[in-house]
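Notes follow once the structure below has been shown.
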Amino acid sequence: MSFLSVSRLAPKLLNSKNATYFLVAARNASASTTNLKDVLADLIPKEQSRIKNFKQQYGKTNIGQITVDMVYGGMRGMKGLVYETSVLDPEEGIRFRGYSIPECQKLLPKAPGGEEPLPEGLFWLLVTGQVPTEEQVNWVSKEWAKRAALPSHVVTMLDNFPTNLHPMSQFSAAITALNSESSFARAYSEGVHKTKYWEFVYEDSMDLIAKLPCIAAKIYRNLYREGSSIGAIDSNLDWSHNFTNMLGYSEAQFTELMRLYLTIHSDHEGGNVSAHTSHLVGSALSDPYLSFSAAMNGLAGPLHGLANQEVLVWLTALQKEMGGEVSDERMRDYIWNTLKSGRVVPGYGHAVLRKTDPRYTCQREFALKHLPNDPMFKLVAQLYKIVPNVLLEQGKAKNPWPNVDAHSGVLLQYYGMTEMNYYTVLFGVSRALGVLAQLVWSRALGFPLERPKSMSTEGLMTLVGAKSG
């Protein structure tokens, strides 16, 4: 059994008497090196062999049925992708390589004096399936700092965008322009053997993740801070700390929030628009810059990455209409009136989840610790108490519980980041951790070009024996 397989057993052992022994053994499995690429080079052949054997034995096994509703319904619930880095359970929420968010908060290394996990540690976990040591996380921080500088043509491009161009459009365009630096594109054009693809995708992915905070911070400064300088990367600081410094925020609590935000938004299984897009475009052997840029164009859509902005707009309108503190009864009436008018309560419900999103829960815990008396947080907390019961009474919602978007905007606002148009860029910086970790594995495992079969309505009707008319 490969280490990746064994590591997925860790959550089941966390509460057992063997938990401490197991976690020490897991860390020691590759703790002798701090170089992530070396660890990957050891893991990949074992995983290739494991999957080859699995396919030989079970390749023709049926794993589910496809209905007409699934085909018309955005392929919802259809099992059609292999995505290794995270799995979304309807009852538990997201698990990163088998670890829940609370487990990641407990196990992943933190900054000195910090309480939230470092995104570098999560990236190591997503790539390897292993909980990293502090030394390994520190290596990633320094590696990203070393790779962070932007080429001059990208800086010039960002400085010349019109101010009315949406931050996500700027973000995507700048990422596409980084394609000039692609190691993978260059190696492919020179005829590199396909068994080496993953090495160059890894290099591009590390470079891209390193540069994203610089791109995002430059967009923020150009649009909202009169084009002031983002400053220089400090190789002694972690990825999130450098990011908040470049954005112009010096408060330690905001940096802690950013570490949490970038960790919990990083990955959410493979079927969501941004993850699936990067997987699809990458399957054409487009380099990581092109693949991730395409993913960001999907994330920019209002049904994917703009939800936290919509929540904040709705909360602000609610607060303005209702005034100061509102009784639970009045709030309940307001929610009912919202639903009866044909509108929805933004931030509630999820395509897969059937319980409160654990990403919401950890943000709520952060707020309870750091901003318990903030009026907007108190409003969010009041809604959490009322909305699910109203939605259950209405009887239409499959999931009446809050999702991640119900909370994140309120936290950012509290620390002074009020520019709602920018929030999806933060989401994009975070999402790189998950989709690029998977992209490396997709090339390592030799996943082919994605090419599902499409059908016309007439063809579907013929297939199921329905009469057209």
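Yeah, the Cβs are placed from backbone N, Cα and C, and that goes for glycine too.
Taken straight from Swiss-Prot:
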| type | residues | note |
| --- | --- | --- |
| TRANSIT | 1-30 | transit peptide |
| ACT_SITE | HIS304 | active site |
| ACT_SITE | HIS350 | active site |
| BINDING | ARG359, ARG431, ARG451 | oxaloacetate binding site |
| ACT_SITE | ASP405 | active site |
Inter-residue Cα distance where the pair is ARG359 (oxaloacetate binding site) and HIS304 (active site), in Å: 16
Pairwise CA distance, HIS350 (active site) versus ARG451 (oxaloacetate binding site), rounded so that it is a whole Å: 27
Between ASP405 (active site) and ARG451 (oxaloacetate binding site): CA-CA distance (Å): 32
Diameter of the oxaloacetate binding set by C-alpha atoms, the set being ARG359, ARG431, ARG451, in angstrom: 33
Three-state secondary structure, which DSSP defines for ARG451 (oxaloacetate binding site): coil
Secondary structure at HIS304 (active site), reduced by DSSP to three states: coil
Residue among recorded positions HIS350, ARG359, ARG451 with least C-beta crowding, 10 angstrom cut-off: ARG451
ARG359 (oxaloacetate binding site) versus ASP405 (active site) - Cα distance in angstrom: 9
Fewest other Cβ within 10 angstroms of its own Cβ, chosen from the recorded positions ASP405, ARG431: ASP405
Conformational class of HIS350 (active site) under the three-state DSSP mapping: coil
HIS304 (active site) CB neighbourhood, other CB atoms within 10 A: 17
